[in-house]
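Take a look at the structure below.
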Amino acid sequence: MAIERTFSILKPDATERNITGAINALIEQAGLRIVAQKRIRMTREQAETFYAVHKERPFFGELVDFMTSGPVVVQVLEGEGAIAKYRDVMGATDPSKAADGTIRKLHAKSIGENSVHGSDAAETAKIEIAQFFSGNEIVG
Ligand code: DGT
C-alpha cells in the first residue's frame, strides 16, 4: 500500500485533560509517524473554514464554539494507507459506538467532544494539511 499523509487534530477536550501524549502513543503504536505537529488556538474563521462542509448542520455553531474553546494540536501523520489507518485508530465519531482500543473509545467524552479529527479522503487530507502547514514545516 502507498505511503500517504493525513491531517489530524487533537481537539480541545484532549488538550484540556492533558492526554495528548497518550493519544500520540496510540498513533505511533499503530505505525503512523507524526511528521508535523504544532499547538495552536484556532480562530473562529479557521474553524468555520475547516468545517465549512457542515455549515448547514444543526450542530455547526456548537462545533465551532468547541473547536475554538481551547488549544488544539494540529498534526500531519504519515504511513502506509495513513488515511484509512488513522480513521480505524480513531474509531467511530460517537464514542459509544467506537471499537475497543480506539482513541475515541478510550478517551472521547461525547459525539461532539470526541478528542480527535482525521481526514476522510486523499483530496480532503491535502486541503486540510495546506490550511495549517507550509511545506517546510512537514519533515518526513
Ligand atoms: P471529524 O474527523 O472531526 O471530521 O469527525 P468524523 O469524520 O468522525 O465525523 P463527521 O464528519 O460526521 O462530523 C464532524 C464533527 O462534527 C465530529 O467530529 C463532531 C461533530 N459532530 C458530528 N455529529 C454531531 C452531532 O450530532 N452533535 C454534535 N454536537 N457534534 C457532532
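From the backbone N, Cα and C atoms, a Cβ is placed for every residue, glycine too.
Curation plays no part in TrEMBL annotations; they are all automatic predictions.
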Record-annotated ATP site (TrEMBL): member among Asn24, Asn114 besides Lys11, Phe59, Arg87, Thr93, Arg104: Asn114
Close-lying binding-site residues around ligand 1 among Lys11, Phe59, Arg87, Arg104, Asn114, where CB distance stays under 6 Å: Phe59, Asn114
Residue among the recorded positions Arg87, His117 whose Cβ has the most other Cβ atoms within 10 Å: His117
Residues that sit under 8 angstroms from Asn114 (ATP binding site) by C-beta distance, when 6+ apart in the chain: Lys11, Asp13, Thr93, Asp94, Pro95, Arg104, Ala108
